[in-house]
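What TrEMBL says about this protein:
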type: DOMAIN; residues: B:10-216; note: domain 'ABC transmembrane type-1'
type: TRANSMEM; residues: B:12-33; note: transmembrane segment
type: TRANSMEM; residues: B:45-67; note: transmembrane segment
type: TRANSMEM; residues: B:87-111; note: transmembrane segment
type: TRANSMEM; residues: B:148-173; note: transmembrane segment
type: TRANSMEM; residues: B:193-215; note: transmembrane segment
Amino acid sequence: MKLIASLKVSTDFTLDAQLSTNDDCQFLGVMGPSGAGKSSLLRVLANLEPASSYQCSWTSPSSRIGLVFQDSLLFPHLDVAGNLALAQRYAKSNSDASEIFQGCQCEALLERQVTYLSGGERQRVALCRALVNSPDILLLDEAFSAMDNALSQQVQQFLRRYCLKHGINVIMVSHDISALALYCDELASMKGGRIIRSGPVNQMLNNVTSDQAENTVAVLSGPALEFDEAHQITPFLCEDQVLYARHPFVEDGQAKITVDPRDVSIDLAQQHASSILNGFTCEVRALRPAAAGQVLVRLARGQSQLFALISELSASRMKLQAGDTVTARFKLR
Amino acid sequence: MSSVDDWQAVILTLQLALITGGLLLIFALPLAWWLAGWRSRMKTLVLAIVALPLVLPPTVLGFYLLLAFAPDSGIGEAWQWLTGEQLAFSFSALVLGSLLYSLPFAVQPLYTGFEQLDRRYLDAAATLGMSRIARYRHVVFPLIRPHLLIAFGLTVAHTIGEFGVVLMIGGNIPGETQVLSIALYDHVEALDYPRAHAMALALLGFSFVLLMALYQLSRKPRGAGA
């Protein structure tokens, strides 16, 4: 995917985004602070800004570019079924509506008036409306922000499966770095209307700087083991160690979770009586001072890497230094 | 004046009101849409011109229209050349006069409707692959439906109540330009109060019912308006 987009938004803000990804990247996540130009980028790509110019290697003039807006923008004079029927009527090709209704969990909402829907329900209907319209490219602008965590994960997992199956390319703008890390193939970071960094998810997350410590996650993945029905937990193997998760994202037998650096504690003892199930033995690779008297500790084992954000006091009491072997503990999510 | 003339006046008035209401919607829709999206200092000037008939005495408008429609004026001459008929004191003159006189009653509600319309709904419709016409049909018109009804109803009601302009440019020709308000005036002049009463009460009742119906129809459907 190659992407060049430009737009003069105002006298002091110009969007000038250029990006190129690997050929197999189908899900691109776009992150960045508010006002970075993420929504403007999506509007340019959706052809909604007449004064803009863009080139995108996936699009041909006949490509249908769907956009799910942050505010959903469901038509208020129609009920949910009416909104979906209108999108189907103008769809480029037939889609499996019942699969989409089910995946977006909209089946029970069909008869409802859109003005009486909650924010999360609206977002599900908006996503459903975009999918039944059979887009070639789907742009998502904070499309899951009002959904609760469990529901958002289920819908996003469905979305990824559905888009992979039907060859729909997705550009996803979100502040939820964890969702981007789980469901995207590559990430792009925007600032001041430009794409400042981009690349595969792991590469982007591993090169995190200490000032971004509060807004990053690590991805741990490996073969999923049999679901533990009794404890409602999915174990999986990561670097030959068993880790546990409540709702990991499982694709092609590989389980994937994200770990927030603020949730990770470091333990020098290998055996430890703790209620925290996940203990990941790894090596300290680097310590970098972070904001507010904290230290960002980069931990790694094999190809896997994670971060721990701990206080300077802890680090100095433990005499922590690069090369130490420690156990990183983090709670089950 | 016979009761046949009275019925002719009723029919003529309804014809005039419906034609004016229909034509004004056609003219006022694009004008109001353009005005609502127009960002210019000149906008207040155009808004003031459109609203002029609201405050202008009808006789002022009627007087200038009479001059404009006279056979020796440019417009009158052009009309005669095109249709072979004189414009002043004709039904066509009444329609043209009513269009101008009722213009603000059509434009104002539509302008308000378009101003309140969140145009991002059109973006949403565009991303669903709707053509420009489909966007208006499925999104814009249904969303401004209450304003459309009010514009049409007010124009019709206002045209029915027209007096000054009609008197100036239409005269008082039964079956051609004699509308209800003029016929009523005739009855009063002739001291025929029973028929004047009948006509006045009928107009009063009709206008009241029309306005009631309008307010009822233009109420937002349950749940709409987000």
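Heads up, the Cβ atoms here are built off N, Cα and C, so glycines get one too.
Highest Cβ pair count under 8 Å relative to the transmembrane segment (B:148-173), across stretches B:12-33, B:45-67, B:87-111, B:193-215: B:87-111. A contact between the transmembrane segment (B:87-111) and the transmembrane segment (B:45-67) is present, since 3 or more of their C-beta pairs, 6 or more residues apart, lie under 8 Å. Here the transmembrane segment (B:12-33) has long-range neighbours at 50, 91, 94-95, 98-99, 102-103, 105-107, 110-111, 113-114, 148, 151-153, 155-157, 159-160, 175-181, meaning same-chain residues at least 6 beyond its ends whose C-beta is under 8 angstroms from one of its own. Using a Cβ-Cβ cut-off under 8 Å and counting only residues 6 or more beyond its ends in the same chain, the transmembrane segment (B:193-215) has close neighbours at 3, 6, 149-150, 153-154, 156-157, 160-161, 180-181, 183-184, 187.
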